[in-house]
Each structure stands twice: as structure tokens, then as C-alpha cells.
Amino acid sequence: MPTSVKCPTCQKDVIWNNESKFKPFCCERCKLIDLGDWASEKHAIPVKPEFDADDLDNLGYDEADFFKEN
């Protein structure tokens, strides 16, 4: 029995096999809608910021000093 998944955009059933041209999407339209959502930042992968602005302030980093010449 072939594996079936839901299209992430329209929730239509999609057969998952080598002939599925747009998998996991059902069609090119749904694929492009999803791409547009990523491009407009409706979708995002959550990440923890490498540096917290408050931590940098506590360490003594000041934006005003950044552009001063020595």
C-alpha cells in the first residue's frame, strides 16, 4: 500500500512515491504558496538569539562607543 501524506498547504491527500512530482505538495501551486509564505516570513524556524542585548549591556558594550575612533 503506498504511503499517503497531507499536502502542507491545502491538506489534500498526496501519494508519496517517485512519480509524485511536487511531494510533499499536491501541485505546483501549493508548492509556490508555501515558498511565498517562507519568503514573506509567515513561516520561520525558531532560534534562540546567540547574544541577548541585555547581556551585552551588562558586559559593558555600548553602541555609542562602537563607532568611536581610538
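Just so you know, glycine gets a Cβ as well, placed from its N, Cα and C.
According to its DSSP assignment, Cys26 (Zn(2+) binding site) is coil. As annotated by Swiss-Prot, Zn(2+) binding site applies to Cys7, Cys10, Cys26, Cys30.
Remark: Cys7 (Zn(2+) binding site) has Asp13, Val14, Pro24, Phe25, Cys26, Cys30 as non-local neighbours, by Cβ distance under 8 Å and separation of at least 6 in sequence. Contacts of Cys10 (Zn(2+) binding site) defined by a Cβ separation under 8 A and a same-chain sequence distance of 6+ are given as Cys26, Cys30, in order along the sequence.
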